[in-house]
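TrEMBL has this to say about the protein:
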type	residues	note
DOMAIN	4-172	domain 'FeoB-type G'
TRANSMEM	216-242	transmembrane segment
TRANSMEM	277-301	transmembrane segment
TRANSMEM	321-343	transmembrane segment
TRANSMEM	355-381	transmembrane segment
TRANSMEM	393-414	transmembrane segment
TRANSMEM	451-471	transmembrane segment
TRANSMEM	508-532	transmembrane segment
TRANSMEM	552-576	transmembrane segment
TRANSMEM	588-609	transmembrane segment
Amino acid sequence: MSRWHKAALVGNPNAGKSALFNALTGARQKIANYPGVTVEKRAGRMILPNGAPIELTDLPGSYGLQATSPDEEVTRKVILGELAGEPAPDVLVIVLDASNLEQHLVFAQEVIALGKPTVVALNMIDLAERDGLVLDPKALSNALGVPVIPTVAVRRRGLAELGEAIAQAEGHAGDAPHPRARLDMAERRMEAHSIADGVIISESAKHRLHSRMDDFLLHPWLGPVFLLALLFVVFQAVFAWAAPLQDGLEGFVGLISDGVKAEMATGLLRDFITDGVLAGVGAVVVFLPQIIILFFFILVLEATGYMARAAFLMDRMMAGVGLSGRSFIPLLSSFACAVPGIMATRSITDPKDRLTTILIAPLMTCSARLPVYAVIIAAFIPNRPVGLVGLQGLVLFGLYVFGIVGAMVVALILRRSVTKGAASGFIMEMPKYQLPRLRDLGLGLFQRGWIFLRRAGTIILQVNIVLWLLLNFPQAQKGQDQVDASFAGHIANGLAVALKPIGFNRDIALALIPSMMAREVAVSSLATTYAVAAGDDDTTAHQLSDQLQKHWSLPTALAFLAWFVFAPQCISTIAVTRRETNGWKWPAFMLAYLFALAYVFAGITYWSAIALGF
Ligand SMILES: Nc1nc2c(ncn2[C@@H]2O[C@H](COP(=O)(O)OP(=O)(O)OP(=O)(O)O)[C@@H](O)[C@H]2O)c(=O)[nH]1
Ligand SMILES: [Mg+2]
């Protein structure tokens with residue numbers, strides 16, 4: 001007797017393949033391992049309605065033939081017959097989750113396009129019905145060009161019909177395959193959406209609403225326009241909503257500072273508390289409202305299920321620079337902070353994809369840059385309306401875009417040089433739309449706010465104390481400027497020589513050294529420096545903003561902003577990069593290329609601004 005024909009169950013994870021496998025083979029199973037990998041091989045004998053046996057294999061769930069995990073690799077190799085000693089299956093049985101049809105059709109189309117004898121089990125019909133969704137298997141069969149059998153694996157419904165269809169397909173086992181045109185990922189997703197829409201006989205109002213929302217939010221050009229508009233609103237809100245709260249906090253810090261001044265005798269200790277601690281830490285703490293508002297939006301977008309859709313929209317753009325949608329979530333998290341972002345790259349299976357994502361993560365505008373941007377923008381950019389929006393929000397938005405574009409260009413270059421390789425495909429489940437839960441949102445905001453305040457109270461405080469000491473010793477002689485006389489002043493004077501060509505003054509050089517610890521330290525350092533420089537004879541409350549306007553030109557301020565788009569001034573990011581890449585090579589590379597970019601772009605900005613007469 002020639003060998004038994006073989007059939008294999010393929011589909012997304014959780015489609016019910018194993019449940020169907022158990023129902024179809026009963027006790028006639030054997031479990032082994034695929035050679036060389038720990039992936040389990042489950043095969044069993046199924047008796048077709050005509051009494052003939054066929055060997056059935058239960059494959060691991062997969063999102064596509066562009067395998068990225070060992071499980072998916074096995075699935076791909078088995079389907080394509082690339083595994084030694086494993087002839088390709090004669091019949092493919094695609095298992096779909098009817099309650100999640102659109103998602104599952106993406107991979108199904110890829111399998112069907114192979115042109116082999118194929119049968120579709122439209123499984124979990126019971127769950128679809130529970131959701132108020134009634135589907136038309138005939139219409140689905142027409143759309144896909146293969147037989148479709150409704151099943152409920154756990155209730156053994158539809159098994160006989162499925163067996164019948166497999167037997168029929170087996171009759172074509174010897175035929176040459178009729179491969180169809182292979183669509184790319186985005187096209188298949190689009191097609192999945194329209195097929196799924198077309199086979200619905202009736203659906204609940206909620207289901208219809210969600211489907212309509214996807215029509216709009218995932219639309220090839222309306223979707224990106226909406227995403228851009230949404231991001232834009234976020235940045236406007238970060239400025240507009242936070243302003244009153246920020247003024248309140250600023251006033252509060254001022255009150256404490258005045259209180260200390262009134263209660264304590266003049267002297268170094270009083271200066272230390274007002275200039276070293278309050279001016280420095282206070283300057284950072286006032287950004288709490290902006291951080292909270294930014295995270296409010298990030299958390300809401302994540303909880304509603306929109307984030308994954310944004311990732312999908314971004315996938316084409318990411319593919320354009322050699323990355324995939326998988327990089328989107330790590331990069332998006334990096335808008336909050338590059339540290340969790342870089343840690344999130346662990347979900348990227350392709351090592352070069354992952355390395356590239358790690359290297360560009362610091363270019364995403366993290367929340368620590370927000371205080372730096374905000375303080376400079378508030379001091380130098382007039383709050384003039386530009387059409388419907390404010391100029392300040394526009395500039396902030398521009399800085400974010402600058403970071404993103406920079407990251408994309410760097411990725412493109414890295415993918416052609418340092419991390420050369422093919423891009424891996426995009427695979428992501430679209431979560432169902434949901435209203436965010438207030439409790440989760442509140443908790444999330446509290447945690448982010450707390451982390452920010454703790455940083456202000458620990459690392460930023462310590463750095464500022466050291467800076468204050470370096471600024472105050474040795475003490476100035478009569479008639480000498482304190483900052484010039486200090487240790488910090490001497491160091492900064494040296495560094496300022498190198499920074500002068502890009503328009504940076506001594507005070508900036510001074511601020512850049514301690515802000516290697518964390519970017520927002522730049523703000524507190526500047527506040528401390530100007531507080532120390534102002535000395536005691538200056539009785540007016542030395543607002544940082546006024547001081548900046550007094551000491552900096554507009555081109556310098558703009559160059560400073562450009563510097564911070566690139567400069568890798570965050571010791572935690574360097575540390576986590578070392579940990580995630582197992583060595584100093586990549587963090588060193590990251591430092592070098594980012595500082596080089598920061599220098600070049602700050603210089604370009606400075607000289608362009610001067611040329612434009614700003
Ligand atoms: N209600 C319902 N539940 C089902 C049906 N088929 C499977 N399930 C359940 O869905 C879950 C996932 O089923 P599995 O058979 O493990 O899915 P799978 O496709 O093998 O998943 P992977 O092996 O991870 O790829 C299990 O809890 C099953 O009991 C069905 O038709 N109706
Ligand atoms: Mg399974």
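The backbone N, Cα and C atoms fix where each Cβ goes, and this holds for glycine too.
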At an 8 Å Cβ cut-off, counting only pairs 6 or more apart in sequence, do the transmembrane segment (321-343) and the transmembrane segment (552-576) clear the bar of 3 or more pairs? yes
So what's near the transmembrane segment (552-576) in sequence-distant terms, Cβ-Cβ under 8 Å and 6+ beyond its ends? 338-339, 342-343, 361-363, 365-366, 368-369, 372-373, 376-377, 379-380, 399, 402-403, 406, 502-505, 508, 512, 515-519, 522, 587, 590-591, 594-595, 597-599, 601-607, 609-610, 614
Which of 216-242, 277-301, 451-471, 588-609 shares the most C-beta pairs under 8 angstroms with the transmembrane segment (508-532)? 451-471
If one takes Cβ-Cβ under 8 Å and requires six or more residues beyond its ends, the residues near the transmembrane segment (216-242) are 189-190, 193, 289-290, 293-294, 297, 301, 306, 309-310, 312-313, 370, 374, 389-390, 392-393, 396-397, 400
